Amino acid sequence: MQSWSRVYCSLAKRGHFNRISHGLQGVSSVPLRTYADQPIDADVTVIGSGPGGYVAAIKAAQLGFKTVCIEKNDTLGGTCLNVGCIPSKALLNNSHYYHLAHGRDFASRGIELSEVRLNLEKMMEQKSSAVKALIGGIAHLFKQNKVVHVNGFGKITGKNQVTATKADGSSQVIGTKNILIATGSEVTPFPGITIDEDTIVSSTGALSLKKVPEKLVVIGAGVIGVELGSVWQRLGADVTAVEFLGHVGGIGIDMEISKNFQRILQKQGFKFKLNTKVTGATKRSDGKIDVSVEAASGGKAEVITCDVLLVCIGRRPFTQNLGLEELGIELDPRGRIPVNTRFQTKIPNIYAIGDVVAGPMLAHKAEDEGIICVEGMAGGAVHIDYNCVPSVIYTHPEVAWVGKSEEQLKEEGIEYKVGKFPFAANSRAKTNADTDGMVKILGQKSTDRVLGAHILGPGAGEMVNEAALALEYGASCEDIARVCHAHPTLSEAFREANLAASFGKPINF
């Protein structure tokens with residue numbers, strides 16, 4: 001695909017844009033007009049500037065397309081950058097430092113501190129500073145790549161037309177050859193519970209609390225629930241997560257990893273009520289919240305009182321008022337836009353990627369789809385293997401996985417073998433005094449091919465990318481076991497687990 005990109009870019013720069021086969025035949029290129037009171041003409045118009053949208057816009061421009069990106073919010077970056085992935089990682093990182101300094105960890109390392117105080121306002125400032133810098137980075141990349149940014153709510157008003165309406169009611173019309181919907185997702189509301197982003201909050205409000213709650217109840221122990229719950233638990237809150245399912249970590253996590261993960265979080269002070277459903281929440285006159293819960297299968301009701309209630313039951317595609325109904329584009333039962341393997345809707349020049357289509361709601365999945373989609377518009381190959389898309393939970397320790405879990409392999413009737421290696425036997429983990437967790441590798445019994453990798457431990461989110469590469473290239477467990485890994489590193493645990501899977505046992509355990 002890289003070679004195609006270079007050829008296409010070269011041809012575009014030489015003025016051969018309209019002479020090559022790229023799916024836009026018969027339509028001449030018209031120079032962009034960026035005056036606010038005049039229409040804009042474009043080759044590609046992207047609706048949404050989240051990870052999928054902004055990456056797609058930049059890639060389209062790099063391929064020679066005249067590109068417009070419409071964003072309804074005042075800032076670029078979508079949920080991920082503004083109120084999701086990025087600010088949450090800032091708080092996870094800084095709360096971890098505070099937890100180490102405030103607890104016994106530093107003292108055990110010979111670092112004695114006389115007084116440790118939390119300045120929550122300063123911590124929030126650092127988070128906001130990182131977000132602001134990255135938003136500015138996207139704006140710079142748009143300018144550098146000549147992507148036209150239009151502020152307003154984008155609605156498809158014709159097969160080749162998008163209208164962006166600003167908050168003041170003014171609008172701008174974009175005439176376009178191709179339209180790419182990348183509008184992302186929004187928080188799924190909980191029936192009967194109204195979010196005010198003050199004491200009853202979504203993930204957005206949980207990233208900007210003014211003080212550490214004495215007691216926090218989290219509805220949902222999936223990825224977002226355990227991440228944000230961990231932040232406030234480290235900073236001093238008494239945190240209880242109520243989960244309808246019987247495990248923590250959400251959909252896709254390996255059950256053995258989940259059980260060990262839950263044990264470690266409980267050791268840190270995180271409390272869980274599994275197989276439990278929330279039936280309602282009532283605000284009291286003193287400002288506290290009574291959360292009513294009962295067993296998922298039904299049973300005796302119980303009330304948990306808290307200062308802040310965090311609702312984390314997932315996200316849903318954002319497709320409202322995009323003009324899809326008028327175009328005859330129907331949604332599937334889960335509210336997603338149906339697309340083919342080239343991300344085309346039933347109208348061939350209208351595409352959709354990211355959270356609005358099927359697949360995991362992950363920023364990096366949307367980014368991949370964005371790049372691949374616009375390469376397809378330019379006539380290139382379209383390939384994505386969703387089995388090779390990694391998932392990460394950014395707690396401490398981290399959890400990461402890619403490929404199949406044991407449960408999935410059993411369900412599919414695939415014979416497999418398992419290789420495991422604990423971080424307690426890893427030299428670098430020992431020197432770091434950070435040994436919780438393990439690496440678990442699943443290989444095909446007959447071929448030794450890597451089928452899945454599941455990591456619980458320090459640096460799991462980085463290590464899983466080696467596993468994703470192995471899966472993408474069809475590597476065997478022996479292939480990885482025979483790659484020399486630097487010593488001492490945490491990634492040696494990944495090699496050792498593959499040794500165990502391929503040869504029956506590791507070296508250092």
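Cβ atoms are placed via backbone N, Cα and C, with glycine included.
In the three-state DSSP classification, K66 (N6-acetyllysine) falls within coil. The N6-acetyllysine annotation in Swiss-Prot covers K66 (among others).
The FAD binding site feature in Swiss-Prot is assigned to 71-80, K89, G154, 183-185, D355, 361-364; the stated evidence is similarity to another entry. Listed in sequence order, I47, G48, G53, G154, P317, F318, T319, L322, G354, D355, V356 are the same-chain residues at least 6 apart in sequence whose CB falls under 8 Å from the CB of T183 (FAD binding site).
As annotated by Swiss-Prot, disulfide bond applies to C80-C85, with the evidence given as similarity to another entry. For C80 (FAD binding site), the same-chain residues lying six or more positions away in sequence with a CB closer than 8 A to its CB are G50, P51, I86, A363. C80 (FAD binding site) falls within a helical segment according to DSSP.
Residues or ranges marked as N6-acetyllysine in Swiss-Prot: K122 (among others). Around K122 (N6-acetyllysine), taking its Cβ as the centre, 10 other Cβ atoms fall within 10 Å, counting all chains.
Annotation comment: Swiss-Prot describes K132 (among others) as N6-acetyllysine. Around the Cβ of K132 (N6-acetyllysine), the number of neighbouring Cβ atoms within 10 Å comes to 12.
According to Swiss-Prot, the feature N6-acetyllysine maps to K143 (among others). Sequence-distant contacts (6 or more apart, same chain, Cβ under 8 Å) of K143 (N6-acetyllysine) do not exist in this structure. In the three-state DSSP classification, K143 (N6-acetyllysine) falls within a helix.
The Cβ of G222 (NAD(+) binding site) lies under 8 Å from the Cβ of E243, V248, G249, G250, I251, C312, G314, each of these being in the same chain and 6 or more residues away along the sequence. The NAD(+) binding site annotation in Swiss-Prot covers G220, A221, G222, V223, I224, G225, V226, E227, E243, V278, G314 and is backed by similarity to another entry.
Close to K346 (N6-acetyllysine) in the fold, though at least 6 residues off in sequence, lie G328, I329, P338, each with a CB less than 8 Å from its CB. Residues or ranges marked as N6-acetyllysine in Swiss-Prot: K346 (among others).
Annotation source Swiss-Prot lists N6-acetyllysine at K410 (among others). Classification of K410 (N6-acetyllysine) by DSSP places it within a helix. Just so you know, the Cβ of K410 (N6-acetyllysine) picks up 12 other Cβ atoms within 10 Å once every protein chain is counted.
In sequence order, L442, G443, Q444, K445, A501 make up the list of same-chain residues 6 or more apart from K417 (N6-acetyllysine) whose Cβ falls under 8 Å from its Cβ. Taken from Swiss-Prot, the feature N6-acetyllysine covers K417 (among others), and the record attributes it to similarity to another entry.
Summarising the annotation, Swiss-Prot assigns N6-acetyllysine to K420 (among others). Long-range Cβ proximity for K420 (N6-acetyllysine), meaning a same-chain Cβ under 8 A and a gap of 6 or more residues, is found for M438, V439, K440, I441, A497, A500.
Residues within less than 8 Å, Cβ to Cβ, of H487 (active site, proton acceptor) and separated from it by at least 6 positions along the same chain comprise S427. Residues annotated as active site, proton acceptor in Swiss-Prot, with similarity to another entry given as evidence: H487.
For K505 (N6-acetyllysine), other Cβ atoms within 10 Å of its Cβ number 11. The annotation N6-acetyllysine is assigned in Swiss-Prot to K505 (among others) on the grounds of similarity to another entry.
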Of E71, D74, E243, the binding-site residues given in the record, which has the fewest other CB atoms within 10 A of its CB?
D74
Find the shortest Cα-Cα separation between I224 (NAD(+) binding site) and the recorded positions D74, G77, C85, K132, K505, and name the residue that gives it.
C85
Sequence-distant neighbours of G77 (FAD binding site) in its chain (C-beta under 8 A, six or more apart):
S49, G50, Y54, I86, V131, L134, I135, I138
Taking the Cβ of V226 (NAD(+) binding site) as the centre, count every other Cβ atom within 10 Å, in any protein chain shown.
29
Extent of the NAD(+) binding site in Å [max Cα distance among G220, A221, G222, V223, I224, G225, V226, E227, E243, V278, G314]:
20
Are there any residues at least 6 positions away along the chain from C85 (disulfide bond) with a Cβ closer than 8 Å to its Cβ? List them or say none.
A363
Indicate the candidate from G220, G314 with the smallest number of other Cβ atoms within 10 Å of its Cβ, considering only these binding-site residues.
G314
